[in-house]
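Taking it in order: structure first as structure tokens, then the write-up.
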Amino acid sequence: MILAVFFAQIHPNYLTQQWQRLRSIIFCSVSGYGVIPTLHWVWLNGGLGAPIVQDFAPRVVVMYVIALLAFLFYVSKVPERYFPGQLNYLGSSHQIWHILAVVMLYWWHQSTVYVMQYRHSKPCPDYVSPL
């Protein structure tokens with residue numbers, strides 16, 4: 001997947017209007033790829049009823065909501081669509097997208113710290129179910 005993203009970005013047509021849809025698909029694919037390990041993690045921890053899943057899964061959902069919001073700004077070109085020429089240097093959708101990406105990474109960092117504290121305060125059970 002990394003190679004596909006890399007080669008797509010160095011292609012001369014990547015930033016053209018023709019490839020707008022492909023750029024959106026690449027962004028969604030990279031973001032959505034994290035859903036697979038998340039579902040696997042939920043399954044390994046005993047499903048949605050497990051305490052760690054109930055504590056941590058909402059944090060994952062919030063991360064994806066922030067990513068979705070960033071994507072919506074990226075695709076819709078709001079606010080510069082409504083204020084053409086006024087947001088060329090500050091306040092464009094691309095800048096908002098970057099700010100939300102940083103907020104998302106900070107949220108993910110704080111969530112990881114939360115999981116580490118959770119694991120230190122509540123160690124794994126002695127019995128591990130066979131896969």
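Each residue, glycine too, has its Cβ placed from N, Cα and C.
Annotations in TrEMBL come from automatic prediction, not curation.
Taken from TrEMBL, the feature Zn(2+) binding site covers His94, His98. Taken from TrEMBL, the feature transmembrane segment applies to 25-44, 56-75, 87-108.
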Quiz item: Any residues 6+ beyond the ends of the transmembrane segment (25-44) with a Cβ under 8 Å from its own?
Solution: 1, 4-5, 8, 50, 53, 57, 60, 64, 67, 71, 74, 131
Self-check item: Proximal but sequence-remote residues of the same chain as His94 (Zn(2+) binding site) (Cβ under 8 Å, at least 6 apart)
Solution: Tyr74
Exercise. Provide the number of Cβ atoms within 10 Å of the Cβ of His98 (Zn(2+) binding site), excluding the reference atom itself.
Key: 14
